[in-house]
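Read through the structure below, which is laid out as structure tokens, and then see the notes.
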Amino acid sequence: MSKQFGKVGVLYGGRSAEREVSLMSGKGVHEALLSAGVDAHLFDTGERSLADLAAAGFERVFIALHGRYGEDGTLQGALELLGIPYTGSGPLASSLSMDKIMTKRVWLQHGLPTPAFEVLGGSTELRLVPDRLGLPLILKPPHEGSTVGITKVAGYSDMKAAYELAARFDAEVLAEQFITGRELTVAVLGSGAAARALPVIEIVAPGGNYDYEHKYFSDDTQYFCPADLPADVAADVAAVAERAYAALGCEGWGRVDFILDRENRPWLLEMNTSPGMTGHSLVPMAARAVGMSYADLCVAILAEAACKVRSPARQD
């Protein structure tokens with residue numbers, strides 16, 4: 001295994017609001033790769049430079065970063081320039097998927113279902129937004145993950161505080177129609193025609209509040225994998241996940257988040273191109289449901305590592 005992959009860097013930590021989660025993901029991936037015989041080394045991009053990365057002699061890297069500067073296409077572009085194969089999606093798909101506004105626009109262009117939304121700025125009359133989207137609604141920063149900066153707005157009086165919280169992270173704020181239903185997520189492995197959805201997971205958090213604490217630290221959240229769904233509904237959700245993944249040009253692996261409404265219609269919420277790999281994370285859970293261990297999953301993701309941008313032919 002060591003010879004197959006050579007010297008591997010596990011990129012983790014970083015400088016985003018999700019640094020602590022990334023530290024947990026990276027350590028887990030590193031230990032799993034070592035157990036599989038891979039010559040793996042941790043590399044904290046929040047503490048070391050691109051020059052250090054270029055000099056490290058990695059033959060490929062596993063990106064275990066979440067959020068800005070790790071999941072948004074910037075690092076992927078740098079790795080393309082350095083010629084270092086990496087896991088996950090390329091610069092464009094990563095950038096599109098990290099921007100929740102652009103993600104929804106792409107999905108709508110492909111005829112995929114996603115809740116109605118508006119983009120809010122400093123000049124938006126906040127009191128009018130609930131009249132258009134209804135209440136409750138969701139306000140969130142477009143470029144953060146792990147539920148950072150998200151508020152469920154129950155009434156008109158909550159709009160200002162919710163907007164100000166989200167605006168701490170982004171110049172624009174995404175207001176989204178709230179869909180009542182079951183929270184689902186689907187992991188997808190592979191690229192192109194070979195990309196396949198893993199079993200659907202249902203998430204049931206206490207009080208319906210699946211926030212940062214419940215995602216990564218709470219043992220109170222319940223997960224059902226595979227989700228208790230009629231076979232045709234599960235197949236439909238998986239198919240929509242694969243289409244959503246393909247529409248954004250995703251590669252390698254990812255996770256698609258949904259709400260399933262009371263009529264069993266799936267609504268797309270977000271695309272994650274570098275999902276969590278912690279003890280509470282969902283992609284490893286889905287992999288276990290098909291007999292794939294955590295280490296097997298890490299090796300499978302690493303095996304897909306590649307540079308995605310084709311160099312143009314030289315004109316001499």
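A Cβ is built for glycine as well, from the same backbone N, Cα and C atoms used for every other residue.
Copied from Swiss-Prot, the annotated features are:
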BINDING   130-185  ATP binding site
BINDING   D257, E270  Mg(2+) 1 binding site
BINDING   E270, N272  Mg(2+) 2 binding site
DOMAIN    104-303  domain 'ATP-grasp'
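Feature map: annotations from Swiss-Prot on the structure.
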{"residue": "P130", "record": "ATP binding site", "DSSP class": "helix"}
{"residue": "E144", "record": "ATP binding site", "DSSP class": "coil"}
{"residue": "T151", "record": "ATP binding site", "DSSP class": "strand"}
{"residue": "D158", "record": "ATP binding site", "DSSP class": "helix"}
{"residue": "L165", "record": "ATP binding site", "DSSP class": "helix"}
{"residue": "E172", "record": "ATP binding site", "DSSP class": "coil"}
{"residue": "I179", "record": "ATP binding site", "DSSP class": "coil"}
{"residue": "D257", "record": "Mg(2+) 1 binding site", "DSSP class": "strand"}
{"residue": "E270", "record": "Mg(2+) 1 binding site", "DSSP class": "strand"}
Tertiary neighbours of D158 (ATP binding site) (same chain, Cβ under 8 Å, six or more apart):
T151
Whole-number Å distance between the CA of L165 (ATP binding site) and the CA of E270 (Mg(2+) 1 binding site)?
20
I'd like to know the mean pLDDT over the domain 'ATP-grasp' (104-303).
93
Site of maximum Cβ density within 10 Å, from binding-site residues T151, N272:
N272
Of D257, E270, N272, which is closest to E172 (ATP binding site) if I measure between C-alpha atoms? They're all binding-site residues.
E270
Over all shown protein chains, what is the count of other CB atoms within 10 A of the CB belonging to I179 (ATP binding site)?
19
Between D257 (Mg(2+) 1 binding site) and I179 (ATP binding site): CA-CA distance (Å):
13
Around E144 (ATP binding site), which residues of its chain at least 6 apart sit with Cβ under 8 Å of its Cβ?
S16, A17, E18, G67, R68, F169, D170
Which residue among the binding-site residues L137, L165 has the fewest other Cβ atoms within 10 Å of its Cβ, if you could check?
L165
Which of the binding-site residues D257, E270, N272 has its Cα closest in space to the Cα of P130 (ATP binding site)?
E270
Counting Cβ neighbours within 10 Å across all chains shown, tell me which of the binding-site residues E172, D257 comes out on top.
D257
With every protein chain in view, how many other Cβ atoms are within 10 Å of the Cβ of E270 (Mg(2+) 1 binding site)?
18
Between E270 (Mg(2+) 1 binding site) and L137 (ATP binding site), how far is it from one CA atom to the other, in Å?
16
Can you give me the Cα-Cα distance between L137 (ATP binding site) and N272 (Mg(2+) 2 binding site) in Å, rounded to a whole number?
22
